[in-house]
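What TrEMBL says about this protein:
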type	residues	note
ACT_SITE	CYS51	active site, nucleophile
BINDING	THR50, CYS51, ASN52, ARG53, SER107, GLU112, PRO113, GLN114, GLN118	substrate binding site
BINDING	GLY187, ALA188, GLY189, GLU190, MET191, GLY192	NADP(+) binding site
DOMAIN	7-154	domain 'Glutamyl-tRNA reductase N-terminal'
DOMAIN	169-303	domain 'Quinate/shikimate 5-dehydrogenase/glutamyl-tRNA reductase'
SITE	HIS97	site 'Important for activity'
Amino acid sequence: MGDIYALGVNFKTAPVEVRERLACNLEETKKLLPILKTESGVEELCILSTCNRVEIYAYSSLESNIELLLALFLKEKGIEEDRKHIFLYKGEQAVFHVFKVASSLDSMVVGEPQIVAQFKESFGTARQLGATGKILNRLFEKALRASKRVRLETGISRNAVSVSYAAVELAKKIFGDLKKAKVLLVGAGEMGELAANYLKRLGCQVFITNRTYEKALKLSQELGGNALRFEELEDYLSSMDIVIVSTGAKNYILTENIVKRAMKQRNYEPMFLIDISVPRNIEPSVGDVDEVFLYDIDDLKEVVESNLQDRLKEAKRGEIILWDEVKKFMNWLESLKIEPLILKLKERTREMERENPYVRRLVFRAIREMKRNPEAASIIFRIFNEEVKDVNRREGLSYVYNRADGT
């Protein structure tokens, strides 16, 4: 019987310049898997490569094969001289690590959903190429089950942990249903564009304006929105419910007076203003205008930081769930070791039940207990083995006793 191993680098152990040298795209992964499996001698393996980690999960009956696997991988990637960034887990710790990765509890942003898709793709590729088998197939199946439990039973993915998404979450709190909301994106900054895109998906009507109208037109086509001319900003501002400002301007684009006029025109219906610009493009005193909700980049970062802390607390609960799933998996793995013993017991039972009809019932009850509890199997085997040896010594008989691992 072998062991499960997890090895490689991730954002915790290696800087990006090391990770990018070890990274594998899909085609490279397909090429490497058969080579590594054949030349290293490991029975099963899978490669997971993302922007934050390059990890190999393997099952091997010999630990020396894992050393060879690592050496081969580093040689293929042209990095043989430095191993200080490589981590290696074995057995239960390796299983826990795999479950933790699949559940996004080991991600840079705890709770991010992308890792599940990446995990499935990596496993699917390895399985398709015949690189995995009974052990890793079961491992990945249970890792995804553990991931689902963590998401359902904790709040790790409940709160926004990006500035853009935090802005959207705040908008939802203010307006509730956003399907009829009109959103204006001023400028073409990346965070503003992301926020507008999130809002578009929620059913908002999106408008884009920029000092260069052509840029507004191009972005509106990408987002499925409407382009407006920047010089007419004050004319249509009053019709907007949410305004996201993300420009490189050095002055205030929205002043207190401009917003006051807009609010008067809209009969002081609530307006949500998000200033993601640095330096700020909305005059801070705008936040004092009745029914105006103004948030700048620092306000949003405070929300994000608070949410991150909440997620980390939930991650602790998630780890308890993972250890529960790890224990179940390790019990299954241990049960494989007693399969030879069970086969021997069944074989011997068939021989003895002709003499005593109760033997079958007793032995099969013991087998059920062994399958349910591998520790019980070990105890039962030791009792049977020692008792039979003792009888043989007294009767002067000579037998060969098979160990639980079949040797």
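Cβ coordinates come from backbone N, Cα and C, glycine included.
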Study note, to complete from the structure: Reading the DSSP string in three states, the entry for SER107 (substrate binding site) is coil
Point to revise | Those binding-site residues listed as PRO113, GLY187, and which of them has the most Cβ atoms within 10 Å of its own Cβ | key: GLY187
Check your understanding: Mean pLDDT for the domain 'Glutamyl-tRNA reductase N-terminal' (7-154), as a whole number?
Key -> 94
Point to revise | Distance in Å spanning the most remote Cα pair of THR50, CYS51, ASN52, ARG53, SER107, GLU112, PRO113, GLN114, GLN118, given for substrate | key: 15
Revision key, fill the gap. Cβ contacts within 10 Å for HIS97 (site 'Important for activity'), all chains included, total 23
Exercise for review: Between ASN52 (substrate binding site) and HIS97 (site 'Important for activity'), find the distance joining the two CA atoms and give it rounded to the nearest Å.
Suggested key: 15
Practice item. Please spell out the DSSP helix, strand and coil residue counts for the domain 'Quinate/shikimate 5-dehydrogenase/glutamyl-tRNA reductase' (169-303). Key: 62 helix, 31 strand, 42 coil
Review point. Just the number: how many Å between the Cα atoms of GLU190 (NADP(+) binding site) and SER107 (substrate binding site)?
Key: 23
Point to revise | Structural state of PRO113 (substrate binding site), classified by DSSP into three states | key: coil
Practice item. Given the recorded positions CYS51, HIS97, GLY187, GLY189, GLY192, state which is nearest to GLN118 (substrate binding site) when distance is taken between Cα atoms. Key: CYS51
Point to revise | Non-site residues, in chain order, whose CB comes within 8 A of the mean position of the CB atoms of THR50, CYS51, ASN52, ARG53, SER107, GLU112, PRO113, GLN114, GLN118 at substrate | key: SER104, MET108, ILE115
Check your understanding: What kind of secondary structure is ASN52 (substrate binding site) part of, going by DSSP in three states?
Key -> coil
